[in-house]
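One structure below.
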Amino acid sequence: MVQLAPGAKLLQRCLPPLNSKTGRVHIFFFTLVIYTCYHLSRKPISIVKSVLHKNCSDEANREGKIIVPDNETFCDWAPFDGKNYDSLFGTLDLIFLSCYAASMFVSGHVADKIDLRIYLCIGTFLSGITTIAFGLGYFFNIHSFAYYAIVQGLGGIVQATGWPAVVACMGNWFGKNKRGFFMGVWTAHASIGNILGSLVAGAFVETAWGWSFVVPGLIVGLLSIPIYLFLVPYPEAVDIRPPAQHYPNEYASMDHPVNNPRTSEEAPAATTSSQSNLLLLDKEDSVSFLSALRVPGVIEYSLTLFFAKLVSYTFLFWLPLYIRDAGGFDPSASADLSAVFDLGGIIGGIIAGYVSDTTGASAITCVVLLILSIPTFMLLISITQSNCPTRPK
């Protein structure tokens, strides 16, 4: 039996109960805020890189100091004050993303087994703790690379709780019909979180960079309270029948695939036991990894998303530092300028969703946008290289 959140129980006594429409609005905005905060807490590391290793010659000129061999890295934060600072930054990113990716395989299965409200409550709280822990390195004057590496690894593990859980919440409340534009708006949460993370971290980066982690960490950590009190991830908790997750027979038997899933809307909603449908499962069941790979399109879409994420996470972790080095901007301005990339992500996602719904050609829409991204990146590189000053030593 699914337990209704205690705060939601209280609200039902003084407000009209959730129906199918208001429940969808509730879960749409709640999960959007949740994953926005997850991304907000991931962004600070890319902003703070700009001050962990700076051009100390410029700093000396501003402060009227004379650089001698003994203090030529006086403005940097050890252990990132050496010539290998780039590789150390890259190692931190590698640790975070490796732990994040590995934990994703486990996170989805765990989310299937326990209450999504509790799972997200724990996930946001621990994400806040790990984000704050990185910032505490500033206040406690910690210069051990091992400390920051461990914090990043733990952060990657707990951050993996977010995506499978919010997607499951959305899937519990929404059916499949016309989801392109709708999901284009909803998936703006990543870009919104990156923008807010850039602005919040950028506000503190040049004064006390520890706050660039502590403030986002507090935001995502404290979010665990309203999640526990008010999130309603299951329609059944308020006596609402869940919507159909897919068109009837859209994914039929592996031995008898459906040729045209759109025309199957007239078919009976129930499927026979011989169909072995991989996606229309009871809530208690979960799809194995190998079974999921057999679903038509999973491998192709996974590879596409792999390369798209490769680019987007490169920008997530390195764009502010690249803007600083290539454009000569200060760390705060670099943080603000990096947010423009995510603004484009919001607009692009909504446009892609609308075009996908209108044309019914989601794959072609994806291909066209990926192709258009190539000259865009080449233009960015061309502009920055023509204006690239000497990099900090």
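A Cβ is built for glycine as well, from the same backbone N, Cα and C atoms used for every other residue.
Per TrEMBL, the features are:
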DOMAIN    27-393  domain 'Major facilitator superfamily (MFS) profile'
TRANSMEM  87-106  transmembrane segment
TRANSMEM  118-140  transmembrane segment
TRANSMEM  146-169  transmembrane segment
TRANSMEM  181-205  transmembrane segment
TRANSMEM  211-231  transmembrane segment
TRANSMEM  303-323  transmembrane segment
TRANSMEM  335-355  transmembrane segment
TRANSMEM  362-383  transmembrane segment
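With a threshold of 8 Å between CB atoms, the same-chain residues lying at least 6 positions outside the transmembrane segment (146-169) that come near it are 27, 30-31, 34-35, 38, 41-42, 45, 91-93, 95-101, 103-104, 106-108, 111-112, 116, 119-120, 122-124, 126-127, 129-131, 133-134, 137, 231, 233. Two recorded stretches are said to be in contact when at least 3 C-beta pairs lie under 8 angstroms, sequence spacing 6 or more; the transmembrane segment (181-205) and the transmembrane segment (362-383) fall short of this definition. Listed by sequence, the residues of this chain that lie at least six past the ends of the transmembrane segment (303-323) yet keep a Cβ under 8 A from its Cβ atoms are 42-43, 45-47, 49-50, 89, 93, 97, 194, 198, 329, 331, 334-335, 337-338, 341, 345, 366, 370, 373, 377, 384.
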